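Annotated features in TrEMBL:
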type	residues	note
DOMAIN	26-480	domain 'Major facilitator superfamily (MFS) profile'
TRANSMEM	19-39	transmembrane segment
TRANSMEM	82-101	transmembrane segment
TRANSMEM	113-131	transmembrane segment
TRANSMEM	137-159	transmembrane segment
TRANSMEM	171-193	transmembrane segment
TRANSMEM	205-224	transmembrane segment
TRANSMEM	286-310	transmembrane segment
TRANSMEM	322-345	transmembrane segment
TRANSMEM	352-375	transmembrane segment
TRANSMEM	387-408	transmembrane segment
TRANSMEM	429-449	transmembrane segment
TRANSMEM	455-476	transmembrane segment
Amino acid sequence: MAGGAFAPTSGGKEYPGKFTFRVFFTCLFAATGGLIFGYDLGISGGVTSMDVFLKDFFPDVYQKESSVKPSDDQYCKFDSQILTLFTSSLYLAALVSSIGASMATRTYGRRPTMMTSGLLFAAGAIVNGLAKNVVMLIVGRLLLGFGIGCANQSVPIYLSEVAPYKYRGALNMMFQLFITIGILIANSLNYAFARLIGGDMAWRLSLGGAIVPGLIILLGSCFLPDTPNSEIERGNYERAKDLLLKLRDVDNVDEEFNDLVEASEKAKLVKHAWLNIFKRKYRPQLVFAFCIPMFQQLTGMNVIVFYAPVLFKTIGFGSNASLLSSLITGFVNMVATFVSIFTVDKLGRRKLFLMGGTQMLICQAVITIAIAMKFGVSGNPGVISGTYAGAVVAFICVYVAGFAWSWGPLGWLVPSEIFPLEVRSAAQSINVSVNMIFTFVIAQIFTTMLCHLKFGLFICFAVCVVIMSIFIYKLLPETKGVPIEEMTIVWRNHPHWSKYFDEDDAKFETSKPKDIASA
């Protein structure tokens, strides 16, 4: 059977480099870019479950939701395209900005793009916190989206380029860790503000509080260096080598530096990355830049993240109880991410993908059965006991944990590490754009799908998990322990993808950089 299981786990060069405090804190500050994405993922679902917010901006939804009796169809009480547009409009903006950020990261560097992301996100937080009408809400969401698109485009690339190759997986996954921290903080604030403050100030503080993670990435980026790859790409060879020496904490980085310069010189031959990325030799990586973010969203995880309070209210929890339940799942999400951080460079990407997929599939099956038995197709649950509801939450938590240590972080890690420098920024934009497209679609249609498909919605997500697990097993080569500039080797040696490469595709076409490095 031809499959990724038979692809080598290494094959690249072994560059010297240590795991130092400088590397750790550089990656830590950069990874805080995940806070803005996570905060928004968590905050929007909680705010849309607050009665006072619905009264102010979506009175039709509030009237519909408040008039639903336990004997009515619970599946449809939040079905509103205008309400879901509040959540999903952000992801269209992120899609657009990620394309612009691709050109910015290549021309001006990774760090300026990260700073821009914080500035835009903070501006969106101010507009949302002061919103007087739906138009202001949407404008604020668009600004937030522009910031998220810039961060999601630049931060994963930054982390993959700064980290020593042996620790690239763990350090890159700190981006996902901060996404989960952002979700947990948002869930905590939603619960605290709704319970302790209430009224208009509850949702205003929740939405306006987004200015804090925006300022964190903005100010944090000011103290970060750019990556050696980016400095070389812009002709700053001496600065790049000095930075590489500091990051690796060794006396000699000539081999890695020479290869980075060679990669940069080759990249300069590619004038139009967006056209070249569709060439045959990039086809294997391009498939994963599209399919991994697509499948990441089709797991159904963002349904839980976006609409956890709404979903929990649908299955019988009160308003504050639903916020508490989403807080619990947010905590599980954060803790489980540490599993991937400590295991990804030991077990590898493929094993985590497949193990996490199996865990999610089992939980989805159980959740589907539990909801089907209680709600049926009528949506009338009758009386829901605390034990029954608690069991559903428990399995949702196990499902969230499976995503948090597999498809969640790996969905950002793998696409950011598999492309050569000449098309890396464009490829990351494709990754972010596909992620945002499917995030938008899921956010926009979830409540309608829940209304019409009922518990069958979770069956759809389970089928997707099966398909994506087979896809990973058959086609993804293992990339752990491979230097980022040597990544082409694992694709050339893969039984399926090797046919896309000509003999010259793995060779650099210039010897000029070696003269620069030794000068």
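Using the three backbone atoms N, Cα and C, a Cβ is placed for every residue, glycine included.
Just so it is clear, the model here is predicted, and its values are computed rather than measured.
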Overall pLDDT for the domain 'Major facilitator superfamily (MFS) profile' (26-480), taken as the rounded mean: 84
In contact by Cβ distance (the transmembrane segment (387-408), the transmembrane segment (171-193); 3 or more pairs under 8 Å): yes
Long-range Cβ neighbours of the transmembrane segment (455-476) (under 8 Å; 6 or more residues past either end): 2-5, 287-288, 291, 295, 298-300, 303, 349-350, 353-354, 357-358, 360-361, 364-365, 367-368, 371-372, 375, 377, 407, 414, 446, 449, 496-497
Within-chain partners of the transmembrane segment (19-39) [C-beta distance under 8 Å, separation at least 6 from its ends]: 114, 117-118, 121, 144, 147-148, 151-152, 154-155, 158-159, 162-164, 166-167, 171-172, 174-186, 209-210, 213-214, 216-217, 220-221, 223-225, 246-247, 249
Other parts of the chain folded back onto the transmembrane segment (322-345), taken as Cβ under 8 Å at six or more residues beyond its ends: 42, 45-46, 49, 166-170, 173-174, 176-177, 180-181, 183-184, 186-188, 190-191, 194-195, 304-305, 308-313, 352, 393, 396-397, 400-406, 408-410, 413, 480-481
Cβ-Cβ under 8 Å with the transmembrane segment (352-375): same-chain residues at least 6 beyond its ends: 74-75, 299-300, 315, 340, 343-344, 381-382, 384, 388, 391-392, 395-396, 398-399, 401-403, 405-407, 410, 454-455, 458-459, 461-462, 465-466, 468-469, 472-473, 476
